[in-house]
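Report on one structure; see the data block that follows.
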Amino acid sequence: MKASTFMLLLAVMLLAISHICVVAEDREQQVKKTYIIHMDKSQMPASFEDDHFQWYDSSLKSVSNSADMLYTYRTIIHGFSTRLTAEEAELLEKQPGILSVLPERKYELHTTRTPEFLGLGKSEAFLPASDKVSQVIVGVVDTGVWPELKSYDDTGLAAVPSSWKGSCEVGTNFSSSSCNRKLIGARYFSKGYEAALGPIDEKTESKSPRDDDGHGTHTSSTATGSAVPGASLFSYASGTARGMAPQARVATYKACWLGGCFGSDITAAMEKAVEDGVNVLSLSIGGSQSDYYRDTVAIGAFSAAAQGILVSCSAGNGGPDSGSLSNVAPWITTVGAGTLDRDFPAFVSLGNEKKYRGISLYRGTPLSSGLLPLVYARNASTSSTGELCSPESLIPAKVAGKIVVCDRGGTPRVRKSLVVKKAGGLGMILANTDTYGEELVADAYLLPTAAVGQKAGDAIKSYIASGSNPTATIALGDTELDVQPSPVVASFSSRGPNLITPEILKPDLIAPGVNILAGWTGAVGPTGLAEDKRRVTFNIISGTSMSCPHVSGLAALVMAAHPEWSPAAIKSALMTTSYTTYKTGETIKDIATGNPATPFDYGAGHVDPVAALDPGLVYDAAVEDYLSFLCALNYTTTQIKLTTHKDFTCDSSKKYSLRDLNYPSFAVPLETASGKGGGSGASTTVKYTRTLTNVGTPATYKVSVSSQTPSVKITVEPESLSFSQAYEKKTYTVTFVASSSPSGTTSFGRLEWSDGKHTVGSPIAFSWE
């Protein structure tokens with residue numbers, strides 16, 4: 001080839017490459033990316049009359065006629081976010097009043113927060129291998145399942161465990177192909193429901209395992225959901241959603257319907273779950289307290305525990321009232337609710353320039369710019385309880401075009417927003433009363449809403465009462481992380497003491513149960529209201545229903561690591577490693593009071609799953625221990641059989657004591673001055689016996705005790721326990737000598753065994769009767 005020809009070809013090639021580069025660069029210039037624009041509000045032209053939203057829009061339209069604002073910001077920054085080409089971004093940055101135009105950064109969120117908050121994301125090396133976890137089956141008795149969700153994706157899972165005997169029942173909108181290697185079983189139980197309320201209307205409810213409510217999908221995906229990247233509710237709590245034991249299998253037992261959960265269906269569901277071979281049984285349901293032999297869940301749970309199944313139940317949402325617990329049988333793991341370190345802020349700005357922080361999951365058309373008229377629902381209703389914003393209670397002429405303040409209580413929170421919307425209101429401020437204090441629960445409202453605590457609510461209502469033309473506006477924020485203090489005990493979480501058996505401390509522990517993101521049904525919107533036509537795959541809701549499956553999933557992890565452990569040993573590991581203080585040393589707070597919480601609120605403390613995998617020692621218990629417990633309750637042979645499904649007669653020559661049940665916590669009822677041996681100088685002496693099993697390496701443990709009150713002296717015998725081999729057992733006795741105190745007095749203490757590496761902690765609750 002001649003040199004001239006080569007040079008010509010080279011020139012052509014370089015020209016072609018140059019053209020390609022120019023085209024590529026031009027395409028790059030035309031590709032839109034998300035930018036966050038920071039505005040200098042002080043430079044806003046007077047022509048916008050403090051309408052910064054119009055200013056933002058005008059600035060944006062000056063460089064792009066097609067771009068829309070994704071978000072507007074008014075609290076932590078002033079500005080907005082939008083999609084722009086590189087050229088448009090460069091032009092916008094030159095506009096007056098623009099502080100910066102920053103390309104959006106991509107953040108790697110590994111979770112929707114709960115696993116990270118619990119320490120699972122940082123401690124994968126300590127977790128059991130996935131093949132071991134995949135052998136554990138969690139059964140969930142609830143409202144069914146929405147099987148199409150990615151939370152039930154079985155990618156990477158091996159064959160279903162050979163021990164599994166369950167099936168995938170076919171019914172309305174549910175086929176055998178709805179199950180897979182993740183969702184390995186699904187059944188439904190409706191006979192009791194239909195007997196009570198008539199045949200199921202299959203136009204509104206699926207007579208099958210399909211979940212028409214959302215609750216069951218949320219709980220089962222919380223316990224065992226597969227990892228789902230990009231999960232969120234309207235961009236809130238975005239990240240990778242996964243359950244506590246994402247490699248575990250799940251089976252669902254639909255025993256709860258739109259009209260409620262009936263005992264006969266629950267019993268059938270629990271029975272079938274035991275027969276099918278579940279290893280953990282999760283029930284986020286409860287009822288009124290009753291003797292164990294009358295309690296459907298307690299009865300079913302005993303049989304399950306007797307076959308090695310750990311049963312986890314919600315404590316109930318009756319808090320902050322004392323003695324409001326459900327599911328208090330000692331063979332049940334009873335779970336209360338705490339918060340995460342995550343928040344969804346909303347902001348109320350009043351015409352008097354006062355601002356208040358609240359919470360909201362509303363994600364729709366924001367309020368128009370500027371302040372709007374503000375009215376208290378009590379002043380815009382003909383009802384004597386108009387402040388509660390009950391259906392049809394508001395006078396449209398008095399709320400149209402206004403922000404309405406509604407008191408929390410009575411009508412469900414999200415329905416209040418619908419009531420306001422139907423009456424013509426533009427926004428709602430949901431104000432806590434003294435019943436709810438400062439507890440804030442997030443909801444996906446149907447119009448711009450901020451839920452505020454009692455103090456803020458009272459201040460807003462005082463502002464309305466003091467002025468002739470009160471005004472306000474509501475601005476919505478985004479997800480905030482690392483909110484402190486956290487956790488705090490949720491106000492709604494049911495509290496002790498245990499009214500059925502005061503000698504058993506309940507709840508057992510708390511876990512995340514406030515504003516939890518998990519899978520959701522496709523049958524209803526995030527509010528569950530018929531009028532809510534939105535559909536989501538994940539939803540954020542709260543309750544001890546949410547905390548229960550957290551513990552169910554965590555129990556599956558412990559079971560996978562230690563398959564030889566009994567349900568009682570697993571529960572002990574979860575309880576004795578729970579924490580009761582923040583890193584600062586302060587006691588976990590109760591949001592209902594703002595004061596330090598107590599064992600009647602959090603039981604043994606907040607679950608710490610990584611520590612539970614290596615507890616050092618456990619308080620084990622078997623069927624025989626629970627039978628002795630029932631004998632100590634003076635149960636008859638018939639009552640014992642009703643409870644346990646076993647023929648057992650108490651030994652009349654044996655002295656049974658409730659104090660000797662090998663439980664990981666201590667509840668100590670004491671006599672008052674008017675009790676036996678009364679008198680101001682009288683004292684009561686009680687003894688509790690416990691046995692510890694070594695599940696770690698050989699070690700010597702020393703005991704320490706603390707008490708809030710000098711009225712009780714605590715001694716432990718012996719003060720040290722030496723273990724030379726695995727599964728060796730050692731027994732100790734705790735003696736409480738208590739001075740008399742007035743009836744109704746409570747106080748608390750703590751007992752800990754430590755070998756320098758492990759701390760085996762037990763709460764103590766004293767109550768004078």
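Yeah, the Cβs are placed from backbone N, Cα and C, and that goes for glycine too.
According to TrEMBL, the feature signal peptide maps to 1-24.
Residues or ranges marked as compositional bias 'Basic and acidic residues' in TrEMBL: 200-216.
As annotated by TrEMBL, region 'Disordered' applies to 200-226. Mapped onto DSSP classes, the region 'Disordered' (200-226) shows 10 helix, 1 strand, 16 coil.
Under the heading compositional bias 'Low complexity', TrEMBL lists 217-226.
The domain 'Subtilisin-like protease fibronectin type-III' feature in TrEMBL is assigned to 660-765.
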I'd like the per-state residue tally for the domain 'Subtilisin-like protease fibronectin type-III' (660-765) from DSSP, helix first, then strand, then coil.
1 helix, 63 strand, 42 coil
Mind looking up the mean pLDDT for the domain 'Subtilisin-like protease fibronectin type-III' (660-765) in the predicted model?
90
